[in-house]
Amino acid sequence: MASFEKGTPVSRQRTFTSRIDDEESIINGGTPQNPVQDQSSLNSLPEKRSRRIADTEGLYRFWRRFTRHGKKTIGVKESLHAIVFSSWLNVFLVFIPLAWVGHFYTRHAWPHELTFTLCFLAIVPLERLFDYGGEQMAFYCGKDLGDLIVVSLNNVVEATLAIILLKKCELKLLQSTIIGVIVLHLLLIPGTAFITGGARILEQELHPHLVQLNHSLLTIGVMSLLLPAAFFAALDRGAAADLTPGAAASIINDTTRHSLLQISRGLAVILLLVYVCSRIFLHNPPGDDNALRQHPLAPAALKHEEEHLIATDPEVNQWVCIVMILISIGIMAATAEWLVESIEFVREEGHIGEEWFGLILLPIVSFAADGFVAIMFFIRYMIRHIFNQPAPPVLLAKARAIDLSIQFTLFWMPFIVLLGWWTDKPMLLLFDFFEVAVLLGSCFIVNYVTADAKTNWAEGYAMVSFYLMIALCAWFYTGQTEIEILLACHESIEEALIKAASGVVEAHHG
């Protein structure tokens, strides 16, 4: 028999109890209101009843928490006041209309540098509102779902950037940017967090259950890019072994691209299903009544955070918070597009290679607003430490950036491939061999560092160092011409080959 908390609506409890009584009457030989005809269903009733009760209790428990049943209701006026005064960074909201004006008047009087600066400053408070909105939704959805909301919101800028590049048919630059975003979130951001977080403590803890799952998810995401690369390399090796004149270039054709497109779209669907299944497993693990509950292997610090969320009242009403998040996403999408358009002058006037521009610069710019927020918080903690008011050391390591990489690899990357399919853009999962090698190395280091679910500042420094190695090599790397030809948007492979050959000739005579 299921237990009910105080304050349960009588009508709901009576309906729920009567359904259980019907099933118990069947088991005991009685006659229910709706007799069951099949004897096999009679035998499975106890198991079905247990599973149905657990599922119903899980959803009912979530709804009670989301609506804060029996607890204080946060008013709209109170919520708006809390949002406005949630951070001093909200002062930067004044740059949003200025950034929009700068975008539309760039051709007349506003220089690109000014528009870029205004767009960057406008994104800073929006990033902070995303974090604040996710933190508030954690009171209504729990720590795990709250983190998922924050991760999804923090990927909005990068996802918008990817969609913009897809729309402009900058597919080679898009591929470099995807790898750059993933590597940035795998190495630089968590590495920096491990350095600062582990500066005053021997080691910090990670959630072991999440670490085990993340290792598998990250590995399969990276391996999904290795498969098309290996497929293409095998074709290239076979063509090179053929002594027929012109055979080596014969694999760069529309037939090969068509095959790679089919492979990429199939892999994209599979990756999306992997991500969906991982979310189900994470938030509703096997066992009775485990949905949206704290995992028993969770560190004590994480359990303490969950207890704090249950015992403390939020500052913002859940519906007001949802509306605020949606409005912020809309403003963010437009501002991010103009940020990307304004920064293109850097590549054109600074003569920066496309590979370094996509692999290093664009990802850093897309994360710069969030990084600026982190720097401001770091400076505040340093000032408090100088004036003998240090914050207590954090025992729980923040590896949210790794979750950002996993979501971008398993959800946004395949989503971009399928969106390209829908918009007739030949977006492939065949990436540059150098980019695939970079991603494989990053995945290996992250999995190795987090294998014991503990981190320290030395491991964080190693992760940052490897990112700097990648940036150094990318500065001198020019990219694979074959991949760029296969990603040609508005022309056949033959036309792209002719165009590439003429470009080489012009460069040689120049």
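All positions are counted from 1 along the displayed chain.
Note that Cβ sites are derived from N, Cα and C of the backbone, with glycine treated the same way.
Keep in mind that this is a model prediction, so the values were computed, not measured.
Listed in TrEMBL:
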{"type": "REGION", "residues": "1-48", "note": "region 'Disordered'"}
{"type": "COMPBIAS", "residues": "28-44", "note": "compositional bias 'Polar residues'"}
{"type": "TRANSMEM", "residues": "80-102", "note": "transmembrane segment"}
{"type": "DOMAIN", "residues": "115-280", "note": "domain 'Sodium/calcium exchanger membrane region'"}
{"type": "TRANSMEM", "residues": "145-166", "note": "transmembrane segment"}
{"type": "TRANSMEM", "residues": "178-202", "note": "transmembrane segment"}
{"type": "TRANSMEM", "residues": "214-235", "note": "transmembrane segment"}
{"type": "TRANSMEM", "residues": "319-340", "note": "transmembrane segment"}
{"type": "DOMAIN", "residues": "322-475", "note": "domain 'Sodium/calcium exchanger membrane region'"}
{"type": "TRANSMEM", "residues": "360-383", "note": "transmembrane segment"}
{"type": "TRANSMEM", "residues": "404-422", "note": "transmembrane segment"}
{"type": "TRANSMEM", "residues": "428-449", "note": "transmembrane segment"}
{"type": "TRANSMEM", "residues": "461-478", "note": "transmembrane segment"}
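Counting Cβ pairs closer than 8 Å to the transmembrane segment (80-102), the top stretch among 145-166, 214-235, 319-340, 404-422, 428-449 is 319-340. The list of residues near the transmembrane segment (214-235) in space but at least 6 beyond its ends in sequence, with Cβ under 8 angstroms from a Cβ of it, reads 186, 251, 256, 260, 263-264, 267, 270-271, 274-275, 278, 402-403, 405-406, 409-410, 413, 428-431, 433, 436, 439-440, 443, 446-447, 450-451. Long-range contacts of the transmembrane segment (319-340) within the same chain, counting only residues at least 6 positions beyond its ends with a Cβ under 8 Å from a Cβ of the stretch, are 74, 76, 79-80, 83, 96, 99-100, 103, 115-116, 119-120, 122-123, 126, 129-130, 133, 136-137, 153, 156-157, 160-161, 164-165, 362, 365-366.
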